[in-house]
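Taken from TrEMBL, the feature domain 'Aminopeptidase N-like N-terminal' applies to 2-75. Annotated domain 'Peptidase M1 membrane alanine aminopeptidase' per TrEMBL: 111-352, in sequence order. The annotation Zn(2+) binding site is assigned in TrEMBL to His183, His187, Glu219. Annotation comment: TrEMBL describes Glu184 as active site, proton acceptor. Marked as site 'Transition state stabilizer' by TrEMBL: Tyr285. TrEMBL lists 428-696 with the feature domain 'ERAP1-like C-terminal'.
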Amino acid sequence: MLIASQLEPTYARRVYPCFDEPAMKATFNIRIVHDPSYVALSNMPAIDVSEMKDENGSLWAVTTFNTSLKMSTYLTAFVICDFDYVTRTERGNEIRIWARKEAVKNGHLDYALNITGAIFSFLEDLLNVSYPLPKTDLVALPEFGAGAMENWGLVTFQESSLMYLPSHKFTCRKAMIAIIVSHELGHQACEILRHFFFLSKWFGNLVTMKWWNDLWLNEGLASYFEYLGATFVEPKLSLDKIFYDHVVQPVLRDDNEIGFRSLSEREDRINGSFSLMSLFDSITYNKGAAITWMLSGFLTEKLFIRALTSYLKEFSFSNANQDDLWTHIQMVVDAQDEVQLPASVKQIMDTWTCQNGFPVLTLNLTTGTISQEQFLNKKNESSTDSYNNTWIIPISWMRNGSSQPLMWLDKSSKVFPEMQVSESEYDWILLNVNLSGFYRVNYDQLNLKRLARLLENDPKAIPAVSRFQLIDDIFALTQFGYIQIETALELTKYLAREDELFIWNTVLLHLIPDDLESTLKNYEVYPLLKKYLLKRMSPIYNYYAGFIRQNVDALEDDYFAQVYLEKLFTTACWLGLQDCLNLSSELYARWMDNPEVKIPFLIRRTVCCYGVAMGSDKEWNFAWEMYNHNESTEEDKDMLLFAMSCAKESWLIYRYLQYGLSHTLSSSNCTSVIIHYVVTKDTGHRIAWEFVTENW
């Protein structure tokens, strides 16, 4: 048995009578009466454990906790469990990490314990603010809907977010965590980042937003610290790439789709139009983080941290809104003369937080003109009607490989004489270098031709994050009707020389969307795509296939291999690359001969799928046998359910669907999972439809 609370945003009122608003802060005296064989935890340290009898004569334990600091109701918390813990003290702050006894015994929490103290010290030093509590408990919960929650002094996590299994080299736990608030964030994030994220939110506990419409202040700032701190704890991770790949790019995609809301909404709109819970989405978390990065970028990190320190000191144990933050930043900007802004901090930032969406910049290199408009789907007529938003936009740029001074676009269009290019095809311009601003860029044909040529001759002349952004922007512009697909494909000709997996992942995301695999094969575009992509994918595929065959452990520190290698291999096999199909068959056959010899974790879904696809009923039956094996984990089972849907023979697929109906599979939703997997395959597409109609 286990009890754990989750009171954000408005559930404290279900536990005790209170004015359940973030601005109404109080101190709390908490006492919990519980079964004596369990331990009770809350925000503060326990100061007394006594016994009492109820009217039936049963014995109960009574745990009384120290009076809390002044804080919001949603941060009060309690856990009653029979867990064990590991502990250490950092600068007088006792840190305990609680989990199931066997997990503690097996050392699964040691990694989290090692980095937690370092994180606290780093944040204290950075912001010159002391952590105000005497202890911090982190609890790993086997089931937890919220992903993680930054209750002050009692941070709760899903187990997978805190546990690192020393034996699992390739579970990527150290670099990656199960998705937090998965449907809203929609991306997998770095474990250390996520760990940092929840520990760094005690700044949000110290200074809370006045109301939920400024929730992004808590989340955006925490994401910023998450990044700084994680770089400190794990310098080997290429965190700039991870940040743009996991945070900025997904929200640039979402921000056109999520019901057009701004980061900071008017209170009356939240009460009237949508629920509080809907604010816990990727706009709040990811756009909040991206806007904070942009702000820190044009201010410089030094000034930004200075302003934050002053803001935290003034509003400790009370509440603030975004204007309070702008005021403190303005004070710091006014006190120096190195950084000059084109308008007040509030005027600049309100264009990013109070308007929905984001801009696309269009560049004409012959005249040096840059114009801005809201990025909208031009194919959808209703979406382009009424928006004439403009932003005050910081433009970082480079010319022919050398960085130029920051420029500002503060109206709908402006001429920058220094951006006019000469006749020479070696004269090129790149805007929004390293994705430092939250916008897309639409270059004119002249510059695109020059960039495409440059990429073919020397891809490294453009920084990796900028190559990633060029590709993502150009396909997004195609999708939304700004440019033709031919223009976008010009920029992909160089890909045989691209060795960054996270860039390849973006290319594949745009050219082969997951939901199109079964339909794409039925069209004449498939052989063209196959010819075009395989020629360009071969070098990077061969590079990684070498590791898979000879020394897969060497990829242990390659974060993007752990996240994206599967997609690359799946695509290579799907396009019929013979070596990929052979490798899958070899590795699968080796596993069949000796189930102790595991398939490399990084590509096991692909190997099992194509091992079954290239084989006969013998290979399929082995997958079914392993699926029913007692020691298979949930992850294994899902992977095998997927693999069995890859069979190429119709009768095997049909038998599989029948099994899904008749066998007592481990959980009741397997039938729908099997149908879902079968329907996405070219062989199974039609069979699944017939099966569903027959067995309706």
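Here the Cβ of each residue, glycine as well, is placed from N, Cα and C on the backbone.
What TrEMBL says about a protein is an automatic prediction, not a curated fact.
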With DSSP helix as H/G/I and strand as E/B, how many residues of the domain 'Aminopeptidase N-like N-terminal' (2-75) fall in helix, strand and coil?
6 helix, 27 strand, 41 coil
Averaged across the domain 'ERAP1-like C-terminal' (428-696), what pLDDT does the model get? Just tell me the whole number, please.
90
Between Glu219 (Zn(2+) binding site) and Tyr285 (site 'Transition state stabilizer'), what C-alpha distance do you get in Å?
5
